[in-house]
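Enquirer: Here it is, the structure, as structure tokens.
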Amino acid sequence: MKIAVLGAAGGIGQALALLLKLQLPAGSELSLYDIAPVTPGVAADVSHIPTAVKIQGFAGEDPIPALENADVVLISAGVARKPGMDRSDLFNINAGIVKNLIEKVAKTCPKACVGIITNPVNTTVAIAAEVLKKAGVYDKRKLFGVTTLDVLRSETFVAELKGLNVSRIAVPVIGGHSGVTILPLLSQVQYTEWKEDEIAPLTKRIQNAGTEVVEAKAGGGSATLSMAQAAARFALSLVQGLSGETVVECTYVEGDGKYARFFAQPVRLGKEGVEEILPVGTLSAFEQKALEDMLPTLRADIELGEKFVNN
């Protein structure tokens with residue numbers, strides 16, 4: 001199976017390349033692309049790690065050589081958030097980058113599963129869908145917004161707060177991938193009892209965790225290492241699914257439109273990408289209200305992406 005990483009010279013991309021070289025199944029191929037001339041060097045560097053994963057690096061304006069015969073494409077290209085910016089400030093730059101790359105995906109590997117990491121994910125996934133649709137190759141089972149970092153953060157913070165073994169914690173996170181659209185379903189976490197005054201602050205911390213990192217890095221970037229681990233976890237689950245195993249991950253996909261055209265929720269991954277979108281389950285009163293409150297924001301984010309391509 002061939003996995004292409006677009007944006008492989010960036011903070012997320014380099015760490016993601018390392019994690020995939022270490023963890024992809026033997027016999028996999030890893031293809032790294034970035035506009036930056038350092039990219040073949042990143043591939044050379046990572047290639048010295050002794051695992052049975054072949055790796056190649058490509059630089060320059062044209063991602064097509066990196067995309068040929070790809071089964072999975074992960075897009076992390078774009079600019080990172082700096083203090084004072086929110087994810088929507090990234091839109092003006094990253095929207096064009098994602099559009100251009102997806103046009104090349106549509107031409108070169110239209111049947112590949114595509115995972116969008118580039119923020120604002122709520123919007124960039126809609127851009128990708130519209131570009132693929134215009135090219136006549138859109139298959140909603142094969143397009144994903146990678147929201148796994150919200151799950152990782154939720155698992156970490158719940159374990160810390162409750163003094164639990166983090167490996168036993170699973171937290172479904174639904175909605176979108178910015179601010180109020182991130183909704184961890186804490187009421188569904190096993191082995192935990194919640195006090196009234198714990199839920200709202202913890203939810204807010206999960207929603208604002210990206211900003212926490214941006215501020216802590218003091219202008220030196222945004223969450224890259226934890227994001228790379230999240231993307232690696234998602235990519236490895238996707239590869240398992242494509243290989244015929246049953247795996248469930250929360251991810252931002254086009255479903256039945258019950259809440260919004262794109263919505264993050266638990267998804268069973270399989271040989272065609274999305275095998276089945278699973279129900280969100282029973283929500284607490286707090287979660288139900290948070291869900292209703294976020295929908296106008298989420299729908300507006302999606303519409304922004306659709307209009308970017310169609311107007």
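Note: Cβ is positioned from N, Cα and C throughout, glycine not excepted.
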Enquirer: Among N92, N94, N208, which residue does Swiss-Prot annotate as binding NAD(+) at the site that also has G7, A8, A9, G10, G11, I12, G13, D34, I117, T118, N119, M227?
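Expert: Site partner of G7, A8, A9, G10, G11, I12, G13, D34, I117, T118, N119, M227 for NAD(+), according to Swiss-Prot: N94.
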Enquirer: Need this for a regression test: recorded positions R81, R153, H177, filtered to those with Cα within 10 Å of N94 (NAD(+) binding site). What's left?
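Expert: Among R81, R153, H177, not one has a Cα sitting within 10 Å of that of N94 (NAD(+) binding site).
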Enquirer: Which one of these binding-site residues has the most other Cβ atoms within 10 Å of its own Cβ: G11, G13?
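Expert: Buried the deepest by this measure is G13.
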Enquirer: To the nearest whole angstrom, state the Cα distance for the pair R153 (substrate binding site) and G11 (NAD(+) binding site).
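Expert: Pair distance, Cα basis, whole Å: 19 Å.
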Enquirer: Where among the recorded positions R81, R153, H177 do you find the Cβ with the fewest other Cβ atoms within 10 Å?
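Expert: Relative to the other recorded positions in R81, R153, H177, R81 has the fewest Cβ atoms within 10 Å.
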Enquirer: Based on DSSP, name the secondary structure state of G11 (NAD(+) binding site): helix, strand or coil.
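Expert: Where G11 (NAD(+) binding site) sits, the three-state DSSP reduction gives helix.
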